[in-house]
Amino acid sequence: MTRYIFVTGGVVSSLGKGIASASLAAILEARGLKITMLKLDPYINVDPGTMSPFQHGEVFVTQDGAETDLDLGHYERFVRTTMTQNNNFTTGRVYMDVLRKERRGDYLGATVQVIPHITDEIKRRIIKGAGDADVALVEIGGTVGDIESQPFLEAIRQLRVEIGAKRAMLMHLTLVPYIATAGETKTKPTQHSVKELRSIGLQPDVLVCRSDHPIDVSSRRKIALFTNVEERAVIALEDVDTIYRIPSVLHAQGLDDIVVERFGLECGQADLSEWDRVVDAKLNPEREVTIAMVGKYMELLDAYKSLIEAMTHAGIQSRTKVNLRYIDSEDIEQQGTSLLEGVDAILVPGGFGLRGVEGKISTVQYARENKIPYLGICLGMQVAVIEYARNVLGWSDANSTEFDKSSGHPVVGLITEWQDATGATEIRTEASDLGGTMRLGAQECQLQTGTLVHDCYAKDVIVERHRHRYEVNNNLLPQLEQAGLKISGRSGDGALVEVVEAPEHPWFVACQFHPEFTSTPRDGHPLFSGFVNAALKYSGKA
């Protein structure tokens, strides 16, 4: 029988509800419990797939091909549970499903309202997403008091009553600001945030108080008194040197004991030695490298959240401090490749649209001609193919049809047909909707023996996640291969190019898939580990 921990946030947004939830989940998992996590997003978009990275940050792709909130990336990095499309849903998705049922006549002519129809659909999705887990942590996006969050909070209130207090807890994150002129932390914002929650029928069981300064015992006692929360359930969570320390911080304050006692669960003690190892390797590196990351969304680094974390994980595995030099590809176009001087490796991540593409192509040329280790991901592979066609084959007009539909040598084009993660055939044209029409989710890839990528994975067949609608044009592939471009990975059916490598280069790998989505701090990822090792070798520190 599943128990539920509902996680809300107050005072301000971006307090780290996702990381706090994932950290608690990691402790409970370490105690031997089966864990799952859900993220409920209050926005009207059906999913974040077509939202600007500048507004929403990264779109995290699940194993089954769902385009979801970046918090699901945090979940998968902290726990071993694999997330699916059931672990994230939005207001838009809920309303779409309810309206579809109304059109079918499922409500038998009833007046469709927020209560009960919308709240019932939210509750149904929460229960479905929880599955057979021992504990499901359910994070509600936004801040208490937001008008968009009201249906979700009402659904939680109802669900707590329906399943009973012994199966439901509410954990509320708040901000306890430090006022430098007064020299003290202030509890009033937390008091008001809890008052707002209680006004809609929700009493927190646990308060996680975020602060950039220590919260003393008297402040915690005051918070407990005014919010009707046990003093030991007022958890102080200061800023830390690495997010992977947070499980230990929460465990030291007994948060997992509070949960286990409340739910009456029988389980062992938490073994956090894996997390201790991660923190030690992260904070005590033995060497360091500098890697240039050339992208087009550098104003909001959350657009590359999983990728940045994957580079950190690779550093943890080899006890290497990975210094990322963030470079906007438009700056390369305006200032030239001198911005890349002095780096030990170059990384070009994915992206959409024409802006900044020529800067990425110049970056690839610089890496290839100067024998600097290069890793291209998604668009980073496509620009590698375009660069090779232009500067090795001499096709000066080579391009992708995404950027130039009249190109005489469209070496990258729209995929018109493929199989999705379920095995069903998908067909797309230029006129297809942008939302939900890409090649998404886990796909098999066959690796060629004797290649760099095969050396990294040490496998003939791998499974990685995809998010793209353009691919290498098979009609021009023979000329590319004849000119030396190495095709080191193909889709499971052999129809699509998945990985390319440049000849006569110490380490040049470009892949169509997104390996960052499966990298974790405890296990790392073979491709990123190979990339960092290549950077170490290039710098002479291997």
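Every residue, even glycine, has its Cβ placed from backbone N, Cα and C.
Annotation source Swiss-Prot lists region 'Amidoligase domain' at 1-265. The Mg(2+) binding site annotation in Swiss-Prot covers ASP71, GLU139, and the record cites sequence analysis as its basis. Look at Swiss-Prot and you will find 290-541 tagged as domain 'Glutamine amidotransferase type-1'. Sequence annotations record features per position, and here Swiss-Prot assigns L-glutamine binding site to GLY351, LEU379, GLY380, MET381, GLN382, GLU402, ARG469. The active site feature in Swiss-Prot is assigned to HIS514, GLU516.
Other residues of the same chain near the L-glutamine site, with their Cβ within 8 Å of the Cβ centroid of GLY351, LEU379, GLY380, MET381, GLN382, GLU402, ARG469, are GLY350, PHE352, CYS378, VAL383, SER400, VAL412, HIS468, TYR470. Cβ neighbour counts within 10 Å, taken over all protein chains shown, single out GLY380 as the most crowded of the binding-site residues GLY351, GLY380. When the Cα atoms are compared, GLN382 (L-glutamine binding site) and HIS514 (active site) turn out to be 13 Å apart.
GLU402 (L-glutamine binding site): 20 other CB atoms within 10 A of its CB, across all protein chains.
Under DSSP, GLU139 (Mg(2+) binding site) is assigned to a strand (E or B) in the three-state scheme.
Distance from the CA of MET381 (L-glutamine binding site) to the CA of GLU139 (Mg(2+) binding site) is 35 Å. Non-local neighbourhood of MET381 (L-glutamine binding site): VAL472, VAL499, VAL500, ALA510, CYS511, GLN512, each in the same chain, at least six residues away, with C-beta under 8 Å from its C-beta. Here the CA atom of GLU516 (active site) lies 14 Å from the CA atom of ASP71 (Mg(2+) binding site).
A distance of 10 Å separates the Cα atom of HIS514 (active site) from that of LEU379 (L-glutamine binding site).
Mean per-residue pLDDT, taken over the region 'Amidoligase domain' (1-265), amounts to 95. ARG469 (L-glutamine binding site) and GLU516 (active site) have their C-alpha atoms 19 Å apart, to the nearest angstrom. Straight-line distance linking the Cα atoms of LEU379 (L-glutamine binding site) and GLU516 (active site), rounded to a whole number, equals 14 Å.
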